[in-house]
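What Swiss-Prot annotates here:
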ACT_SITE  ASP12  active site
ACT_SITE  ASP131  active site
Amino acid sequence: MSVAVRVIPCLDVDAGRVVKGVNFADLRDAGDPVELARRYDAEGADELTFLDVTASSGSRETTYDVVRRTAEQVFIPLTVGGGVRSVADVEKLLRAGADKVGVNTAAIARPELIGEIAHRFGAQVLVLSVDARRTLPGEPTTASGFEVTTHGGRRGTGLDAVEWAARAAELGAGEILLNSMDADGTKAGFDLEMLTEVRARVTVPLVASGGAGAVGHFPPAVAAGADAVLAASVFHFGQLTVGEVKDALRAAGSAVR
């Protein structure tokens, strides 16, 4: 039997509140993270992802208190990211109740951090978050046409997103969270081309993120190679439930829990 596709609500947290915007801007309050986490657990979410969206750009540490309170209330795996810069940061988050930790900007600056975390805690703990966008006409391009960005998509790195995902997996990342900055918050669907290209280069689990707006957007992401599908605003604002997404995946022939 094939491995079940995971459905993962994402909680973008700013100053202890869940927020959602378009392309990480114009943030709108979406509620209390602990309450939302409990709701998604009850709805049958397979995991939760918690991202401190101010931690990297504002150079603030992730809010351990919110992680701790969330972990006390939910019993599904919790991935936490945002502002993770060191092995010590990972250890603090795991002690607070995280099951997996997302690393992004710090790994770009110092790729060996991936191996250090994987060696200390195991590859299964480490999720590499890749915020990628398509290069525009007239801009310097990458081999795949997808560039890794930082600071909520506001800063290009010149790194090819497909190459970076492949390299990170080789260095020890246990999972790739691939977030399309072009699609983020638009509700226009996942970037299927980018998913397909990354899937061709990595064997570790791949999480599709950015662009979910309708129940019909999820099965094509799985067909493009995603092992898990992540969404935020469609869940937070009640447009879709986790169960509806699982029904659509099941109808398309995917195994779900």
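Cβ coordinates are placed from backbone N, Cα and C, and glycine is handled just like the others.
Looking at ASP131 (active site) and ASP12 (active site), their Cα atoms lie 14 Å from each other.
The local packing around ASP131 (active site), expressed as other Cβ atoms within 10 Å of its Cβ over all shown chains, amounts to 28. Under the three-state DSSP scheme, ASP131 (active site) falls in the strand class. The Cβ of ASP12 (active site) has 24 other Cβ atoms within 10 Å, all protein chains considered.
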